[in-house]
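In TrEMBL this protein carries:
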DOMAIN    5-377  domain 'MnmG N-terminal'
BINDING   Gly9, Gly10, Gly11, Met12, Ala13, Gly14  FAD binding site
Amino acid sequence: MTKPIHIIGGGMAGSEAAWQIATAGLPVILHEMRPNVETFAHQTQDFAELVCSNSFRSDDHEANAVGLLHWEMRAANSLIMEMGDEHALPAGSALAVDRDAFSAGVSKRILAHENITIERGEISEIPSDDWGQTIIATGPLTSQSLANSILENTDQASLAFFDAIAPIIHADSIDMSKAWMQSRYDKGDTEEERTAYLNCPMDEQQYNDFIDALLAAEKTEFKDWEKDTPYFDGCLPIEVMAERGRETLRWGPMKPVGLTNPHQPGIKAHAVVQLRRDNALGTLFNIVGFQTKMKYGEQTRVLRTIPGLEEAEFARLGGIHRNTFINSPLLLDDQMRLKSRPNIRFAGQITGVEGYVESAAMGLLAGRLAVAQAQGRDIETPRNTTAMGALITHITGGADAKTFQPMNVNFGLFPPVENIKGGRRNRKERYKAYTDRAKADWSDWLQQGA
Ligand SMILES: Cc1cc2nc3c(=O)[nH]c(=O)nc-3n(C[C@H](O)[C@H](O)[C@H](O)COP(=O)(O)OP(=O)(O)OC[C@H]3O[C@@H](n4cnc5c(N)ncnc54)[C@H](O)[C@@H]3O)c2cc1C
């Protein structure tokens with residue numbers, strides 16, 4: 001008899017992984033701790049419960065990266081997308097779902113599938129190899145004992161309990177007639193290292209206006225349950241630094257030292273905002289040390305006052321939340337397996353993707369890779385020209401392990417399409433080229449027996 005594949009966690013990722021494996025004809029044991037052990041956010045014992053909003057975001061598969069991910073998942077027989085479509089609510093170009101009917105629909109299918117066995121109860125440590133293949137999909141609210149076991153099996157620096165996300169910007173939306181590439185004191189052994197940073201200068205007036213805007217901007221509050229998990233001083237939001245004193249940022253992330261502006265070599269900047277390459281492709285830059293709890297609309301407004309960022313397009317905005325995730329670029333191979341324990345795969349938000357759809361997508365991929373492994377087939381992960389492949393490539397290698405923070409899908413993770421112009425004006429044409437290429441490559445991957 002074929003050995004079952006174990007999945008820990010019946011959320012967005014675990015449910016999708018279970019479905020993919022079961023429909024491929026293999027047995028699955030799905031372990032879910034609810035209702036025996038609760039999280040502060042889940043309210044039911046249903047599978048794939050949506051803990052907050054009811055939106056799967058844009059459904060536009062021609063011009064939006066998450067819409068493209070929907071498309072790829074639908075093409076791969078995704079249960080999450082099928083139930084999302086079945087229980088969709090009117091929401092313009094977005095896909096919003098009736099949350100109770102959606103989770104009930106997923107649960108009904110999972111419970112009815114003859115290849116899926118449900119075991120209710122917390123799994124408190126990483127299972128031994130006797131279990132065979134296991135997928136850990138316990139999400140941002142992984143139980144404490146399992147989190148401790150993950151820590152023991154990896155190391156202290158490889159598991160985070162908070163994300164501290166600095167805004168990330170598409171490189172081609174930065175005005176290089178004002179910004180310039182240079183690392184502080186020209187540090188770095190290679191040309192690539194010496195130009196890994198991008199700098200935006202401010203004069204005294206611009207700095208003071210920026211601090212005023214920062215202090216006045218509307219912020220989101222920590223939820224009660226987040227207040228118990230303190231974040232480190234090294235992750236202080238910029239507005240908190242500004243509240244500590246008007247000069248604090250100038251002595252911190254905005255210090256102007258070790259840099260010369262080639263556009264105005266004779267003028268010393270009063271402050272400098274630095275951005276660092278965020279992916280190997282060089283298409284994304286994060287604003288160094290700029291984690292923030294400003295509301296999203298306020299972030300774009302305030303950050304676009306920075307010289308060079310007036311037209312900035314944000315791949316993702318900043319935030320600080322309670323979130324359990326592993327350092328995937330360090331720990332996982334490109335098949336989503338622990339490098340040190342190839343029987344253990346991770347999937348969902350715990351891998352450092354963010355959002356319902358991205359988490360379910362990583363469940364889909366983990367499920368299919370587990371099936372291939374069980375059948376002794378060697379399959380490559382999808383190309384990074386697809387939404388699925390762009391995400392997996394980012395978290396298992398494209399992102400820098402030293403600064404790894406959760407990511408949602410966006411076109412900055414895709415390699416550029418040749419002969420298509422950058423810039424804001426050509427965006428529509430460029431995104432269509434990305435999605436056409438992705439659809440062809442994803443269909444190929446599925447056809448090759450993935
Ligand atoms: C408060 C909050 C609000 C959020 N709001 C949004 C939002 O509005 N939109 C959005 O896109 N994303 C949101 N997210 C992120 C969201 O959680 C993820 O996008 C998504 O649910 C992650 O899917 P997942 O399968 O990885 O984890 P989950 O869906 O959380 O599933 C993990 C499952 O594992 C179970 N589990 C945990 N530990 C164990 C264990 N030791 N043994 C057995 N079972 C275990 C849990 O009970 C849970 O059912 C939010 C997250 C939180 C915490």
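Note that Cβ sites are derived from N, Cα and C of the backbone, with glycine treated the same way.
Ranked by Cβ neighbours within 10 A across all protein chains shown, the binding-site residues Met12, Ala13 are led by Ala13.
Take the CB of Gly9 (FAD binding site) and look out to 10 A: across all protein chains shown you find 31 other CB atoms. Taking the mean position of the Cβ atoms of Gly9, Gly10, Gly11, Met12, Ala13, Gly14 as the FAD site, the remaining residues of that chain whose Cβ falls within 8 Å of it are Ile7, Ser15, Glu16, Ala17, Glu32, Phe47, Ala48, Ala137, Thr138, Gly139, Ala347, Gly348, Ser359, Gly363. Around Gly14 (FAD binding site), a 10 Å sphere centred on its CB holds 31 further CB atoms from the protein chains shown.
The Cβ of Gly10 (FAD binding site) lies under 8 Å from the Cβ of Ala18, Leu30, His31, Glu32, Arg34, Phe47, Ala48, Ile110, Ile118, each of which sits 6+ residues away along the same chain. In sequence order, Phe47, Ala48, Glu49, Ala137, Thr138, Gly139, Gly348, Ser359 are the residues near Gly11 (FAD binding site), counting only same-chain partners six or more apart with C-beta under 8 A.
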